[in-house]
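Take a look at the structure below.
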Ligand code: BMP
């Protein structure tokens, strides 16, 4: 059983709020990122959170520690409950994200292996394992790992223990909730819900399949 997280990658405020209102009852969280925030402004985070759904800020934060702190502080002040960061800038950068998240009572997730075909290339050869170890050392709350490669999710679970795993790649990228729901804490679905003719019905169906 896993939670269901909607990746709300629409670019207009009105469309985002329409989809969020239609689907909120079936979701455990909504993930927002650059597509929506660059189109609608960061204030959209608070508007979505006001619907009663926790908001995860997928900014894949990847800078020096001071800049990471400045970014994450803005994210949490805007009403987000969690932030997603990259590990490659180093352990000190990651620790800055974790410290900001925890100072605001929020969570920090670390991208450890990406779901697209190129992710298999770049994160192989021990890179994802190393990033997962960094997530543990930095005290992060969880990692992002690919539903498109369940065996890799299982391998990273060995490293992170009981920390959370949120897993994108379900729906438009070809994976199914059943592929990973026993391995992860949350399944991330974007286009297959917000692009459906009936987003509410699609969200309900994915929620039932995650349970
Ligand atoms: P979709 O279900 O429409 O493919 O959306 C997946 C979402 O998860 C997108 O917001 C994408 O940026 C994000 N994502 C991903 O697909 N793979 C990763 O490895 C990491 C991500 O954050």
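Quick reminder: no glycine exception, Cβ is built from N, Cα and C everywhere.
Annotated substrate binding in TrEMBL involves 31, 115, 190, 191 plus, out of the candidates 9, 179, 208, the residue 9. Less than 6 Å separates the Cβ from ligand 1 in the case of 9, 58, 115, 191, drawn from the recorded positions 9, 58, 60, 63, 115, 191 in sequence order. Same-chain residues that are not part of 9, 31, 115, 190, 191 yet have a Cβ within 8 Å of the Cβ center of the substrate site turn out to be 7, 168, 171, 172, 188, 189. DSSP assigns residue 58 (active site, for OMPdecase activity) to a strand segment in the three-state reduction. A separation of roughly 14 Å, to the nearest angstrom, links the Cα atoms of residue 60 (active site, for OMPdecase activity) and residue 9 (substrate binding site).
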